[in-house]
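Novice: Pasting in a structure now, in structure tokens, and then I'll have a few things to ask.
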Amino acid sequence: MNLIYNFSAGPAMIPRDVLNQAKKELHNWKNLGSSIMEISHRSEEFIQMALEAEKDLRDLLKIPDSFKVLFCQGGARGQFSAIPMNLLNNLQTADYINSGYWSNSAFMEAKKYCTPRSIFIRETNGVKESLLPMHKWNINENSAYIHYCPNETIDGLSIYEEPVFENKIIVGDFSSFILSRSINIKNYDLIYAGAQKNIGPAGITIIIIRKNIIGSSSKMTPSILDYKKISDHHSMFNTPPTFAWYLSGLVFKWLKKQGGLKAIEKLNKKKSDLLYKKIDNSDFYINKINSKHRSQMNVVFHLVNPKLNYIFLKEASKTGLNYLRGHSIVGGMRASLYNAMPLEGVESLVKFMSYFEKRYG
């Protein structure tokens, strides 16, 4: 079978080595005679796996003991509600840095629980879009927390500067950013991430939260979204998505074998640089994002002649380059280059783009 490269924004590719290991262990995990999908989440074997997964994640991100790691459900959208219910702490407002679709979605959900402020940071210089630097963010001193999204998958925008605001709780939606590069976890109080981009299959959500902000949830908070309840029950207040947890653990081990986040960050830059170079050196393709804020995870580009979009997608799919259609909000194309996307996949895409430009340009 020809190699298929999945450029979807999520669910995304999972490393081939991880899939092969999961396939090998599917019917008989740890010589138990059962699949991990079939055993109790309270069994000794599963708990050991869960502890290993957390340890590997802590090693990768250098998470100190002052943080809890929670494996939850509900995706990032679940956290859009959980965050205000857990962190407002009787205050009436929070600051939401608005850089695109997902940060705005979090803001809109927060309006159900408080009076949040949307701080719009996008600006256009000529034809290129960029983002205001953090020192120009108009932060409200009375806000309960600051929420931002370092990578907007739909818009192809990234904030690489890490937040430093004194006496403020910093919350980050890292769904498409986590494990793609090294970060200083101590600059944050809570980061959360849906798994289906850089971690594993859809169904599990990871929360990394500073211990001293757990325990201030409002009375209206459902137990399933209460960080203290989840923490006290070791992420097993209800039956967790066991297979997604297991696969995430395999991905963490795979990342460590690749050399950790420094090596992954270097490879991710190489992949995105290759694709952006192709776009920038062409009059056939265009990217409208300032180079300082271009996403390494989600490369958004347009054909100068949009009438060729359908043909581009159809011919790309025939060569094994799948799910390149851009989101309906922005149109065009989007190539998601998450950790599991090999360099060879990007090279194949660039080669196809050159062929397509030569034929139709």
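Even glycines carry a Cβ here, placed using N, Cα and C.
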Novice: Let me know which member of Asp56, Asp59, Asp173 Swiss-Prot also records as binding pyridoxal 5'-phosphate at the site of Ala76, Arg77, Trp102, Thr153, Gln196, Asn238, Thr239.
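Specialist: When Swiss-Prot describes the pyridoxal 5'-phosphate site, the candidate it includes is Asp173.
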Novice: At a 10 Å cut-off from the C-beta of Lys197 (N6-(pyridoxal phosphate)lysine), count the other C-beta atoms across all protein chains.
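Specialist: Lys197 (N6-(pyridoxal phosphate)lysine): 29 neighbouring Cβ atoms within 10 Å.
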Novice: Please identify which of Arg42, Arg77 has the densest Cβ environment, defined as other Cβ atoms within 10 Å, among these binding-site residues.
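Specialist: Comparing the binding-site residues Arg42, Arg77, the most crowded Cβ belongs to Arg77.
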Novice: Provide the number of Cβ atoms within 10 Å of the Cβ of Thr239 (pyridoxal 5'-phosphate binding site), excluding the reference atom itself.
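Specialist: So the number of other Cβ atoms within 10 Å of Thr239 (pyridoxal 5'-phosphate binding site) is 10.
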Novice: Expressed to the nearest Å, what is the distance separating Arg42 (L-glutamate binding site) and Asn238 (pyridoxal 5'-phosphate binding site) at their Cα atoms?
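Specialist: So the Cα of Asn238 (pyridoxal 5'-phosphate binding site) lies 11 Å away from that of Arg42 (L-glutamate binding site).
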Novice: Arg77 (pyridoxal 5'-phosphate binding site) to Lys197 (N6-(pyridoxal phosphate)lysine): how many Å between their Cα atoms?
Specialist: 15
Novice: Could you tell me the C-alpha distance between Lys197 (N6-(pyridoxal phosphate)lysine) and Thr239 (pyridoxal 5'-phosphate binding site) in angstrom, no decimals?
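Specialist: That separation, Cα to Cα, works out to 23 Å.
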Novice: Go through Thr153, Gln196, Asn238, the listed binding-site residues, and name the one with the sparsest Cβ surroundings, counting other Cβ atoms within 10 Å.
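Specialist: Counting other Cβ atoms within 10 Å of each of the binding-site residues Thr153, Gln196, Asn238, the minimum falls on Asn238.
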